[in-house]
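Enquirer: The topological domain 'Extracellular' feature in Swiss-Prot is assigned to 1-9, 77-94, 150-187, 257-266. Annotated transmembrane segment per Swiss-Prot: 10-30, 56-76, 95-115, 129-149, 188-208, 236-256, 267-287, in sequence order, evidence recorded as sequence analysis. Summarising the annotation, Swiss-Prot assigns topological domain 'Cytoplasmic' to 31-55, 116-128, 209-235, 288-319 and lists sequence analysis as the type of evidence. The annotation N-linked glycosylation site is assigned in Swiss-Prot to ASN167, ASN175.
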Amino acid sequence: MADKVQTTLLFLAVGEFSVGILGNAFIGLVNCMDWVKKRKIASIDLILTSLAISRICLLCVILLDCFILVLYPDVYATGKEMRIIDFFWTLTNHLSIWFATCLSIYYFFRIANFFHPLFLWMKWRIDRVISWILLGCVVLSVFISLPATENLNADFRFCVKAKRKTNLTWSCRVNKTQHASTKLFLNLATLLPFCVCLMSFFLLILSLRRHIRRMQLSATGCRDPSTEAHVRALKAVISFLLLFIAYYLSFLVATSSYFMPETELAVIFGESIALIYPSSHSFILILGNNKLRHASLKVIWKVMSILKGRKFQQHKQIGRETMLF
């Protein structure tokens, strides 16, 4: 029964992976083509491209981990190459979260309207320093990933190996104090960008409220470009927050799985849920970006035209064959 559930979850993971690769590859391809065409890249496009690349890598690592867990369980328990996979999973996980946080921060500084000198100073310089901020996210993610991977995943592999040898649920003896401290370190590391996004969300709401109040006092109405920009930014940030919460819970299931009776099943279940975040959020970003949305509509229109053309050719061929008979 457990094997059937694992196989079903694996097929689900493959479907989520395909959707995620399609959306993130589209974002990266459109922005790179625009970069080559204009020979420069806007800050928002740089953030979206970096986020798309990190999520493509994250999707590949998670799916590879699922395949090894289901198809090669011995390698999963004892293989030294799993340390490499664990490192890249932790790295791409933090890169994806921090790049999404940078996107929320960028929306906040570009759209929000405050008159504090510090805010105005940062607002004027956000485009100049965004590349350095992204580079800092890479360095910080590497710094977090190295010690966390070495401590947390060594205990996990030992537990899987012990359970396979003894076939007992609670026979795994791990250093729970070390596991708890490492897990706390990982959770705090992901909690910081979440708090930053949450702060950006509430400040955007405050900025929108002030803007609407000013528009009402001036009797010019509430629906203007600035209001619509606020609403689009809020939708993007809140979608990230909700998906991140689901991803965070699935991450907790995966990292805590060796305290559960069915370790492997808990891991692949957590990973299949975790794939929803990098897969679905890319399409939300496409719909919220004018350039990406227009490019996607062009692609859909071309695909529909090709399909209609093929269907017309098939009907035409059938008509010719009917006339011959």
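Just so you know, glycine gets a Cβ as well, placed from its N, Cα and C.
These numbers come from a predicted model, not from an experiment.
Show me how these features fit into the shown structure, please.
Expert: Sequence-distant contacts of the topological domain 'Cytoplasmic' (31-55) (same chain, at least 6 residues past either end, Cβ-Cβ under 8 Å): 20, 24-25, 92, 95-96, 99-100, 102-103, 106, 110, 126-127, 130-131, 134, 278, 281-282, 285, 289, 291-292.
Residues 6-7, 9-10, 13-14, 17, 20-21, 24-25, 28, 82, 85, 88-89, 92-93, 95-96, 157, 160, 164, 264, 267-268, 271-272, 274-275, 278-279 of the same chain lie 6+ residues outside the transmembrane segment (56-76) yet bring a C-beta within less than 8 angstroms of a C-beta in it.
The average pLDDT computed for the topological domain 'Cytoplasmic' (116-128) is 85.
Among residues of the same chain six or more beyond the transmembrane segment (129-149), those with a C-beta under 8 A of the stretch's C-beta atoms are 43, 46-47, 50, 83, 86-87, 90-91, 94-95, 98-99, 102, 105-106, 182, 185-186, 189.
Long-range neighbours of the transmembrane segment (236-256) within the same chain, counting only residues 6 or more positions beyond its ends whose Cβ lies under 8 Å from a Cβ of the stretch, are 93, 97, 100, 103-104, 107, 152, 156, 183, 186-187, 190, 194, 197-198, 200-201, 204, 266-267, 269-271, 273-274, 276-278, 280-281, 284-285, 288.
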Enquirer: So, do the transmembrane segment (10-30) and the transmembrane segment (188-208) meet, by the test of 3 or more Cβ pairs under 8 Å (sequence gap 6 or more)?
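Expert: They do not touch: fewer than three Cβ pairs between the two stretches lie under 8 Å.
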Enquirer: Counting only residues 6 or more past its boundaries, what in the same chain has a CB within less than 8 Å of a CB in the transmembrane segment (267-287)?
Expert: 6, 9-10, 12-13, 16-17, 19-20, 23-24, 26-27, 48, 51-52, 55, 58-59, 62-63, 65-66, 69-70, 96, 100, 103, 235-236, 239-240, 243-244, 246-247, 249-254, 257, 293, 296
Enquirer: For the topological domain 'Cytoplasmic' (116-128), what are the same-chain contacts with Cβ under 8 Å, counting residues 6+ beyond its ends?
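Expert: Distant contacts of the topological domain 'Cytoplasmic' (116-128): 43, 105-106, 109-110.
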Enquirer: Kindly report the helix/strand/coil residue split of the topological domain 'Cytoplasmic' (116-128) according to DSSP, in that order.
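Expert: Counts, helix then strand then coil: 12 helix, 0 strand, 1 coil.
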